[in-house]
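Annotated features, as they stand in Swiss-Prot:
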SIGNAL    1-25  signal peptide
REGION    46-113  region 'Disordered'
COMPBIAS  55-64  compositional bias 'Low complexity'
DOMAIN    56-115  domain 'Collagen-like'
COMPBIAS  66-75  compositional bias 'Basic and acidic residues'
BINDING   200, 240, 244, 252, 253, 254  carbohydrate binding site
BINDING   207, 211, 235, 240, 241  Ca(2+) 1 binding site
BINDING   211, 238, 241  Ca(2+) 3 binding site
BINDING   232, 234, 240, 252, 253  Ca(2+) 2 binding site
């Protein structure tokens, strides 16, 4: 196709020259003139690859790409600023009683009153009523039934108290929290619990003075006999320093601040 086009252009050029020569013969004779005909040549072969040009201008910002997958978890950042103080939490449980403080200074003498004798009498009556109330509770528990061995009497007290409160209760009546030091005593207390329809009670064993060193409530060391359940004692939450007996006769270490029923032990010779 390209060759035909070149050939056609050549013919047209020759025809045009012929017309010029026939129309102006004298002028051509007088003046010699050279005419150059520019005809496009054939397409040449591809040249060598040129050098790398200068970088072009930045193009337009393209559309945002698709959302990629979530990357790996980054490293822990530095601690942020302290936030605002949160709302006040709910009221917690009552804590254990603290140690008794030192006695305070003597107060100023009161104003003499004619009713001082009456007030003294009322105060003494209040003390007596409180003592009678306590003794009535004790008698009520005793009437409900006790358990005996050759040397001991055991009383189940159905008043929920913390460990130290239960210990003081028994001491105030000439006894102590029950101390099962052999299989017979342990079985008797377990039977007592079952017949009362209970699941657990405090007994007189603790490691309050030294963690892991359990002793009886009279501070005598434990010997070879024990009834620890599987995995016990475990001192869960680092606060289990007292011991309970469950209905099966097994022992668990528990927190001293919880409340439950308990068993007092008395020597027969002191009753």
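The backbone N, Cα and C atoms fix where each Cβ goes, glycine too.
Quantities reported herein were computed from a predicted structural model and do not represent experimental measurements.
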Per-residue pLDDT averaged over the domain 'Collagen-like' (56-115) comes to what?
81
Within 8 Å of the Cβ centre of 200, 240, 244, 252, 253, 254, which other residues of the chain have their Cβ, at the recorded carbohydrate site?
232, 242, 243, 251, 255
Least surrounded among the binding-site residues, given as 234, 235, 252, when other CB atoms within 10 Å are counted:
234
Subset of binding-site residues (240, 253, 254) lying within 10 A of residue 207 (Ca(2+) 1 binding site), CA to CA, in sequence order:
240, 253
Measuring Cα to Cα, how many Å separate residue 241 (Ca(2+) 1 binding site) from residue 254 (carbohydrate binding site)?
6
Do you know the DSSP helix, strand and coil residue counts for the compositional bias 'Low complexity' (55-64)?
0 helix, 0 strand, 10 coil
Sorted by sequence, non-207, 211, 235, 240, 241 residues with Cβ within 8 Å of centre, Ca(2+) 1:
206, 208, 212, 233, 238, 239, 253
Determine how many residues of the compositional bias 'Basic and acidic residues' (66-75) DSSP places in helix, in strand and in coil.
0 helix, 0 strand, 10 coil
What number of additional C-beta atoms lies within 10 angstroms of the C-beta atom of residue 244 (carbohydrate binding site)?
21
Setting 211, 238, 241 aside, what same-chain residues sit with their Cβ within 8 Å of the center of the Cβ atoms that define the Ca(2+) 3 site, listed in sequence order?
207, 212, 235, 239, 240
Would you mind sorting out which of 211, 232, 238 (the binding-site residues) have a C-alpha within 10 A of the one on residue 253 (carbohydrate binding site)?
232
What is the total of other Cβ atoms whose distance to the Cβ of residue 254 (carbohydrate binding site) is within 10 Å?
20
Can you give me the residues near the recorded Ca(2+) 2 site, meaning same chain, not 232, 234, 240, 252, 253 themselves, Cβ no more than 8 Å from the center of the site's Cβ atoms?
228, 229, 231, 233, 235, 236, 243, 251, 254
Secondary-structure category, per DSSP, in which residue 238 (Ca(2+) 3 binding site) falls:
helix
